[in-house]
Amino acid sequence: MVVPWPLTALVVFGSFALLFSRQIRGYPVDRAVTAAAGGVLLLVLGVLDPHEALAGIDASTLLLLFGMLVHVEGLARSGFYGYAAARLVNWASTPRRFAVGTLCLAAGLSALALNDATVLLVTPILVRATEGTDVDPVPALVALVLGANVGSVATPLGNPQNAYILAHSPLTMRTFVVTLAPVAFVALCVAAVAVVAITPRSGTIPSTAVPDYDRPWAALSVAFVAATFVLLFARSGLDPGVVAASTAVAHLACLQLARREPGGDVLRSLDWSLLVLFAGMFVLVAGLRTTPVVPALEAAVADSVTLGVATFALSNLVSNVPAVLALSTGITSQQGWLVLSAVSTLAGNATPVASAASLIALEGAARRGVDLPVRRLVLVGFPVAAVSSALAIAMIVWL
């Protein structure tokens with residue numbers, strides 16, 4: 001039976017649209033299950049056969065994400081994230097220093113490893129630092145989201161969509177960093193102006209206890225992250241997924257030998273749903289390739305500026321990861337891949353829909369009794385996203 005292509009497109013874009021719905025009429029909606037269910041539905045309808053579905057799953061991207069999840073978990077278990085955030089709190093005696101320091105810390109950590117982890121691990125410490133004081137935690141939380149998204153622009157290991165682009169495109173680590181690190185710096189300056197503008201001058205940030213952390217463990221984890229960077233930077237011919245997964249396995253082995261940390265405990269703590277999410281989305285995109293939508297996308301994104309605008313808009317409709325997977329089908333130039341990477345990430349600051357980091361901050365703050373208003377996040381984030389995205393396109397296309 002020939003499946004009408006509008007039905008295929010409806011399944012694909014309907015699944016994408018549901019990815020960041022947390023619940024519908026009281027029923028929970030998990031994004032990994034949504035993506036996987038959409039892929040299974042394409043198989044049931046006969047849009048794809050099992051071999052085509054498996055061929056559509058990019059193993060290199062999944063291996064790269066697995067590797068970074070291991071490195072992040074290893075670093076987190078050393079206590080480094082809590083230590084770094086507590087040191088920031090003690091350094092920042094005023095709300096503005098606190099907010100700007102949070103912005104820079106989030107950007108730095110997110111350039112090294114997945115930005116979602118940075119937001120997840122730093123949010124509770126920021127909230128705890130302002131408890132029992134008259135200091136509003138919202139500017140620092142907004143700065144955390146902005147910094148996490150902006151910092152992750154700089155490297156292909158900073159967020160999931162960049163990891164996909166590194167594995168799926170002809171871009172090398174060297175090209176990625178040399179081109180997009182300056183873009184990230186300019187975007188960080190734009191974000192800093194916004195953070196200073198929304199943060200009051202008055203107020204005092206009380207000092208907090210600095211938690212202990214395992215320095216040798218943290219140094220070991222940082223060394224493996226650095227080794228991943230160096231290998232990908234120096235040897236452009238190596239498969240990024242194989243490199244990241246290999247260093248991750250070596251990382252686990254060293255933790256067992258040097259720190260007596262069972263590798264199985266680390267593996268059980270990983271966010272496996274992220275890999276299921278990507279596998280499902282790969283199948284959805286494979287289904288989309290059977291429709292006339294892909295040639296239409298190829299025609300629409302032939303120009304880098306148009307691609308940038310389309311990326312910004314689509315990222316805020318269905319989130320940046322699905323937007324990247326959908327638009328990547330029509331990109332043939334190195335410049336186009338760079339624009340897709342930069343704008344999809346910077347667009348994540350515009351609305352909570354566009355980026356998982358924003359949703360993680362909202363949920364983390366709410367669990368600790370802090371109301372982070374979506375309206376306030378958008379009022380700051382959207383102008384930052386729009387200005388930084390426009391500057392990114394200009395720097396990539398014309399400089």
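Note: Cβ is positioned from N, Cα and C throughout, glycine not excepted.
Quick look at what TrEMBL lists:
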| type | residues | note |
| --- | --- | --- |
| DOMAIN | 24-346 | domain 'Citrate transporter-like' |
| TRANSMEM | 6-24 | transmembrane segment |
| TRANSMEM | 31-48 | transmembrane segment |
| TRANSMEM | 54-76 | transmembrane segment |
| TRANSMEM | 97-126 | transmembrane segment |
| TRANSMEM | 138-155 | transmembrane segment |
| TRANSMEM | 176-197 | transmembrane segment |
| TRANSMEM | 217-234 | transmembrane segment |
| TRANSMEM | 270-288 | transmembrane segment |
| TRANSMEM | 300-318 | transmembrane segment |
| TRANSMEM | 377-398 | transmembrane segment |
### Message
At a C-beta cut-off of under 8 Å, are there same-chain residues at least 6 beyond the transmembrane segment (270-288) that contact it? List them, or none.
### Response
8-9, 11-12, 15-16, 19, 30-39, 42-43, 47-48, 52-53, 55-58, 61-62, 65-66, 69-70, 73, 160, 164, 294, 321-322, 325-326, 328-329
### Query
Near the transmembrane segment (6-24), which residues from the same chain, at least 6 beyond its ends, have a CB less than 8 A from one of its CBs?
31, 34-35, 37-38, 41-42, 45, 47, 277, 280-281, 284-285, 287-288, 290-291, 293, 317-319, 321-322, 326, 352-353, 356, 359
### Query
Are there residues at least 6 beyond the ends of the transmembrane segment (138-155) whose Cβ is under 8 Å from a Cβ of it, and what are they?
95, 98-100, 102-112, 114-116, 118-119, 122-123, 126-127, 129-130, 162, 173, 176-177, 180-181, 183-185, 187-188, 191, 194-195, 198-200, 229, 341-342, 345-346, 348-349, 355, 357-358, 361, 365, 370, 372-373, 376-377, 380-381, 384, 388, 392
### Proximity of the transmembrane segment (377-398) to the transmembrane segment (176-197), 3+ C-beta pairs under 8 angstroms
yes
### Query
Who are the long-range neighbours of the transmembrane segment (54-76) in its own chain, taking Cβ under 8 Å and residues 6 or more past its ends?
48, 113-114, 117, 121, 157, 160, 163-164, 166-168, 217-218, 220-222, 224-225, 228, 239-249, 251-252, 255, 266-267, 269-271, 274-275, 278-279, 282-283, 285-287, 289
### Task
Could you pull out which residues elsewhere in the chain have a CB under 8 Å from any CB of the transmembrane segment (176-197), counting only those six or more residues past its ends?
96, 99-100, 103-104, 107, 111, 139, 142-143, 146-147, 150-151, 153-156, 162, 166, 233, 338, 341-342, 346, 349, 380, 383-384, 387-388, 391-392, 395-396
